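Visitor: Here you go, one structure.
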Amino acid sequence: MERSIGNKIDLTVEWLRERVEQSGTKGLVVGISGGIDSALVAFLIKKAFPENSMGIIMPCKSNPKDREDALSVVEACGIRHIEVDLTQVHDDLFETVTSTLGESLLKDAGNGLRLSDANLRARLRMSTLYSVANVLNYLVVGTDNAAEVYTGYFTKYGDGGVDILPITHLKKRDVYAWSRYLGVPQGVLDRPPSAGLWEGQTDELEMGTSYDMVDDLLEGKEIPARDREIIEKLHKRSEHKRRMPEGPPVF
Ligand SMILES: Nc1ncnc2c1ncn2[C@@H]1O[C@H](COP(=O)(O)OP(=O)(O)OC[C@H]2O[C@@H]([n+]3cccc(C(=O)O)c3)[C@H](O)[C@@H]2O)[C@@H](O)[C@H]1O
Ligand SMILES: Nc1ncnc2c1ncn2[C@@H]1O[C@H](COP(=O)(O)OP(=O)(O)OP(=O)(O)O)[C@@H](O)[C@H]1O
Ligand SMILES: [Mg+2]
């Protein structure tokens with residue numbers, strides 16, 4: 001008999017407590033974006049550590065709506081939070097890197113320049129989370145779900161740079177089901193998933209397929225050949241993100 005959502009949530013909360021205890025740390029910190037994955041994780045870590053959990057809202061030239069939604073999550077689950085605006089530090093670093101590389105190296109960058117700008121936002125968020133984790137002796141909690149892990153739809157050492165991943169066993173539809181159960185605000189449930197790394201970006205537009213398709217494939221269901229091809233290509237291309245860096249064999 002399948003466990004109820006409430007039971008699965010209780011087990012995940014227990015697992016979070018165990019991992020913190022085993023690590024000798026005191027609590028958990030997560031970035032809260034206004035999206036559904038981090039909303040669910042915020043609810044879970046607040047349940048696990050009512051006094052020792054923290055959310056960080058980190059705008060970086062972001063749509064003000066993201067911050068409003070993130071604040072609605074903070075209010076709904078009651079987690080302690082801080083805000084760190086990364087716009088200036090991002091602009092300074094990106095400008096320094098690109099101007100130092102110079103025109104001749106930038107001219108053939110194509111989409112690489114946009115990805116570099118976008119992924120730097122995710123990596124600055126990671127650095128901010130670890131800065132706080134070091135000070136408070138907390139673990140950094142990731143928000144990747146099963147569909148994102150399978151497709152590699154995350155920034156290596158950005159939002160992928162974390163200590164524990166409490167929702168990697170959840171398909172995107174499970175994330176919605178758990179979030180509804182816990183009372184994540186309707187406005188957050190209704191938003192199209194987006195990395196928010198550039199204007200108008202949505203996960204499904206960028207991936208070229210839908211989370212329903214990825215979830216179906218993960219459940220072993222038949223999906224159209226076109227979608228299967230896209231998903232398997234994303235999976236193969238991102239293999240390196242699911243491994244630790246390696247050195248050569250012993251010669
Ligand atoms: N075979 C290989 N072995 C070892 N390392 C390899 C490699 N191929 C590339 N690399 C390294 O990996 C880098 C490329 O990976 P990475 O820097 O991650 O860059 P990349 O995968 O190109 O971009 C990240 C993707 O994740 C999306 N994203 C990011 C953040 C959040 C979310 C979200 O869901 O909200 C989505 C973002 O929109 C974008 O599509 C290369 O620059 C190279 O350094
Ligand atoms: N503006 C932000 N402030 C704080 N954390 C952020 C911000 N943007 C992204 N993050 C962090 O990066 C993670 C990855 O982003 P991702 O878009 O995959 O998840 P999400 O926004 O929570 O959910 P959704 O799939 O609905 O967009 C977020 O869950 C969050 O932890
Ligand atoms: Mg998002």
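Every residue gets a Cβ built from N, Cα and C, even glycine.
What you are looking at is a predicted structure, and each value in this text was computed from that prediction instead of being measured.
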Visitor: According to TrEMBL, Gly31, Ile32, Ser33, Gly34, Gly35, Ile36, Asp37, Ser38, Lys172, Ser194 bind ATP; which one of Thr87, Thr128, Thr143 is annotated to that same site?
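Guide: Of Thr87, Thr128, Thr143, Thr143 joins Gly31, Ile32, Ser33, Gly34, Gly35, Ile36, Asp37, Ser38, Lys172, Ser194 in the ATP site that TrEMBL records.
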Visitor: For ligand 3, which among the binding-site residues Ser33, Gly35, Thr143, Asp163, Ser194 have a CB under 6 Å from it?
Guide: Ser33, Gly35, Ser194
Visitor: Give the residue from the binding-site residues Arg123, Lys156, His240, Lys241 that has the most other Cβ atoms within 10 Å of its Cβ, counting over every protein chain displayed.
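Guide: Answer returned by the neighbour count: Arg123.
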Visitor: Please identify which of Asp37, Glu148, Asp163 has the densest Cβ environment, defined as other Cβ atoms within 10 Å, among these binding-site residues.
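Guide: When each Cβ's neighbours within 10 Å are tallied, Glu148 leads.
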Visitor: According to DSSP, which kind of secondary structure is Asp37 (ATP binding site) found in, if we only use helix, strand and coil?
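Guide: DSSP assigns Asp37 (ATP binding site) to helix.
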Visitor: Just to confirm: which same-chain residues, 6+ apart in sequence, have a Cβ under 8 Å from the Cβ of Ser194 (ATP binding site)?
Guide: Gly35, Gln201, Thr202, Asp203
Visitor: Max Cα-Cα distance in Å among Arg123, Lys156, Asp163, His240, Lys241, the residues listed as binding deamido-NAD(+)?
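Guide: Binding-site diameter by Cα atoms for deamido-NAD(+): 18 Å.
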